[in-house]
Amino acid sequence: MSDMITAAILGLVEGLTEFLPVSSTGHLIITGELLGFTGPKATTFEVAIQLGAILAVVVLYWDRFWGLLRPQPYVRFAGLRGIMLLLLTSLPASVLGLAAHSTIKAHLFTPSTVAIALAVGAIFMLLVERRTERPRYMTLDEMSPALALGIGCFQCLALWPGFSRSAATIMGGMLLGARRGLAAEYSFIAAVPIMFAATGYDLLKSWTLFTPADLPFFATGFVVSFLSAWAAVKLFIALVGRMTFRPFAWYRLAIAPLVYYFMAY
């Protein structure tokens, strides 16, 4: 299989799974093993193509991000208040991630821990879906500092590879009283600063693995990741108000043994 096809397949998997509550890590592990693309360079490539997925969310929510740079009298999720909410959400996982980065890389990327994270995240989703309380927060402009910080605390669960940042923040938001659609939308927006920081940090640490000859390979993965993430987020937001997350949970339980197998053997 050519390098460009490998890059395109991995970019497609990254884009489709990064913002869905299914764990992009688990899917990239399986896909990388099937394609025979593993090792330090593969890990760096997976980090790089995340930037394509991040850019897709920036494009989709450009008005919201632009609104953070200028106060708007009738929009509360804007200006300094909007920035403060995103900072509150990013803070817990940023602090914990920086403090425990080496430990996470060394001890939480084992076959058993990633597979268990997939299963635990699935059970968490099923439990949250059993709740029947009416949501208290309906739109981004109703977001409170307490809700933003609470979602940020749940985001720390995503430091466990395989748990899924989207699952942690969407389910955490719903548990704290956010409407299903709001929890998903805020999860995508709040992903940008922390994912950009984490991706940039990882790339800075591994930039020596890049060579000029790798540029077409990385560019292909980046572009495919951007396009597939754009489509996945658009479709997910269109459907999220009419569906539960139970199918995603059962799917995670089904692939957890596969992730363990491909990582262990």
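Don't overthink the numbers, they just go from 1 along the chain as shown.
Heads up, the Cβ atoms here are built off N, Cα and C, so glycines get one too.
The transmembrane segment annotation in Swiss-Prot covers 42-62, 82-102, 108-128, 143-163, 181-201, 221-241, 248-264.
Tertiary proximity for the transmembrane segment (108-128) is limited to same-chain residues at least six positions away from its ends with a CB under 8 Å from its CB atoms, namely 21, 23, 25-26, 29, 157, 159-164, 167-168, 171, 174-175, 245-246, 248-250, 252-253, 255-257, 259-261, 263-264.
Contact between the transmembrane segment (82-102) and the transmembrane segment (143-163) is present: at least three CB pairs lie under 8 Å, with pairs separated by 6 or more positions in sequence. Sequence-distant contacts of the transmembrane segment (221-241) (same chain, six or more residues past either end, CB-CB distance under 8 Å): 7-8, 10-12, 14-20, 45, 48-53, 55-57, 59-60, 180-181, 184-185, 188. Listed as Cβ neighbours of the transmembrane segment (181-201) (distance under 8 Å, sequence separation of 6 or more from its ends, same chain) are residues 19, 47-48, 50-51, 54, 57-58, 60-61, 64-65, 86-87, 89-90, 93-94, 97, 101, 135, 137-140, 142-143, 148, 151-152, 155, 165-166, 169-174, 233, 236-237, 240-241.
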